[in-house]
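Asks: First, the structure itself, so that you have it in front of you.
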Amino acid sequence: MDPHQHSPESSSEECTVLEVPPPGRNACPQHAGKVAEVYCSSCECVLCEECVKEHDQQHEQQPLQLILEQQRSVLQGQQGAAHSRLPEISDALSFVREILHQLTNQRASIDEDIQSSFEDLHKQLDVRKSVLLMELEVTYGLKQKVLQAQVQSLVLGEGALSASLSQAEEALSGEACAAGLPAEQQLQQRLGDLTGLRLTCEPQENDQLDLILETDGMRKSIHNLGTIVTTSAVASQSEAMGAGLEQCIVGHPASVTIVTRDKSGGACKSGNAIMSAEVFTPDGSIVDGEILDLKNGTYEFVYTVPKEGDFSLALRLYDQHIKGSPFRLTVNKFLEADVEVSPSTTTATNSAAYATPSTGSSEGAKRRGKSPGQKKKGSKRASSALGTPRRKTQNPIEDDLIFRIGSKGRNKGEFTNLQGVAASSSGRILIADSNNQCVQIFSNEGEFKSRFGVRGRSPGQLQRPTGVAVHPTGDIIIADYDNKWVSIFSSEGKYKTKLGSGRLMGPKGVTVDQEGHVIVVDNKACTVFIFQLTGKLVSKFGSRGNGDKQFAGPHFAAVNKNNEIIVTDFHNHSVKVFTPEGELVMKFGSNGEGNGQFNAPTGVAVDVNGNIIVADWGNSRIQVFDGSGSFLSYINTSADPLYGPQGLALTSDGHVVVADSGNHCFKVYRYLQ
């Protein structure tokens, strides 16, 4: 029935229909059927007409509709802010999940390393146990054989003499007679022979069998064997300071101190955090540098800028920018006035808005940068930024650029901070494309063949590949600076294993000796490690310093026909040659721009005649030395100058291939051996 119709039994009074406001829409909670039209800000409640009469008139009252509109506007604004915030939270969630995933993977990897390492130790102990037991049995057997032979000899002598003595006693106990004379004479002869028998009565051996097993030192070593390394440092709280953020002069080292802090802003007290630092121009050109771990939660980044201009300094902790990074640098150079110079200072400003280019690369295919130290045949070399006089020199090796490959980018045949170079006997050129986290492979003619590599911190992934080499088995060996290990891939790029995890701090260069051992140059530890391909450590040598057997940021290595290891000592501006045991054979080079001098050497290779080819990073040139370290010549690169060359190698057809990092390409030159 219609609710507005009267039932036959209803009275006229009962038939009156009241207009009741829709449930919940401005209804007064105190008076049924009344509509709230006023809002009391003091009490934060709605009021109808009746409520207003009863309410405290001193309270602030406003029209409810106005309050509703204001509230709706505020809510919509907050909704917009929340919508804007949601992508940031979603991105953060994805990133934190990725970190958690990497943490889980790293845990699994370390678990595997611990299991395999201790299984190997168990095997070694079992082998040593078997060897000791075998030595015991062999030693016992030899001594026992000597003593047993002596025992048998003495037993026979004792028996024969005892029997003859018994016969003599029996003969003497009877009466002497002519019939017994022959027997007594025979017995006398036998006793004489036995008495004079030469039996060795002194022991022919001793009973010493001792075990010297010095287990105290081993127990102590086992007790301290292995350390789980981590920090609580986070990038958002960590900060940088120092003169390197305030002053930078061309050709002079600048220093920045990074202080790591935890999520609450507390200073971290231990080292080993994964820190990276890069100085680069707006077009992406990379400037090399070195991070020193002070082991107290602080780090020092030392870098040298080779030219003036605008630069960015990016400081990252666990791949995230620290506070204020990237920093904007304006670098000035000395002013030339004969041989005297006056430095110009520069300031660095925090510029989060300063566009961060992709590190280590630019459109180098069209760019031609001036390369200090370059010269054309028969011409005077350009003066240096420091105004050092140059002598007129001739280049006896007439090598020319054959081709160049690459420009800034992330596609095939493009590079972002290429570093190491290797060449295989099968006619392939391999490039460690550091900031693209991959290795690219080309033919000797420069034709792109393939690439492999996935960014990450799990086994089989690449975080910062800096060195590459090819093993005689065909396996590809990659030094991963940020992952602190060396990865082994098949010739097709399939991951096989890793080595050096837990030992390496910052592997930069890698090569292979004539015995198939993997030589790793640890830039951070200033140490050269020698591994078997299985990962077993053969030996190591070197420490931080400027002594003959010390390094300061070593970069790459090569091996000559004598199986000697040739190492470029970056900050000591020299090249050093060692035996596989780590004994210094010779060293050559000093800081400068003259023939045979270096301004931070990087790549190195050896030709079939034993000549040593060195990439001179700061002087942007390639020098050639004989096997004794005497300067021979330059590779003629004047047609297309280098800018900050890194790794180099000799191709299977005898040419020189070099990673021209500053020009974001690799170049192949004719080389007359």
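Keep in mind that glycine also has a Cβ here, set from the backbone N, Cα and C atoms.
Just so you know, TrEMBL annotations never went through curation; they're auto-generated.
Just so it is clear, the model here is predicted, and its values are computed rather than measured.
Look at TrEMBL and you will find 345-359 tagged as compositional bias 'Low complexity'. The annotation compositional bias 'Basic residues' is assigned in TrEMBL to 367-380. Per TrEMBL, the feature domain 'B box-type' maps to 23-64. The annotation region 'Disordered' is assigned in TrEMBL to 1-23, 345-401. Under the heading repeat 'Filamin', TrEMBL lists 230-331. Under the heading repeat 'NHL', TrEMBL lists 402-445, 449-492, 493-534, 538-581, 585-628, 629-672.
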Asks: Same chain only, please: residues at least 6 beyond the ends of the repeat 'NHL' (449-492) with a C-beta under 8 Å from a C-beta of the stretch. Say none if there are none.
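Replies: Result: 102, 105-106, 109, 274, 276, 412, 419-426, 428, 430-443, 498-501, 504-512, 516, 518, 520-521, 523, 531, 533, 556, 647.
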Asks: Using a cut-off of under 8 Å between C-beta atoms, tell me which stretch among 402-445, 538-581, 585-628, 629-672 contacts the repeat 'Filamin' (230-331) the most.
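Replies: When the Cβ pairs under 8 Å are tallied, 629-672 comes out ahead.
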Asks: So which of 538-581, 585-628, 629-672 has the most C-beta pairs under 8 Å when paired with the repeat 'NHL' (402-445)?
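Replies: Checked against 538-581, 585-628, 629-672; highest Cβ contact count belongs to 629-672.
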Asks: Run through the repeat 'NHL' (449-492) and tell me, per DSSP, how many residues are helix, strand and coil.
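Replies: Summed over the repeat 'NHL' (449-492), the classes give 0 helix, 22 strand, 22 coil.
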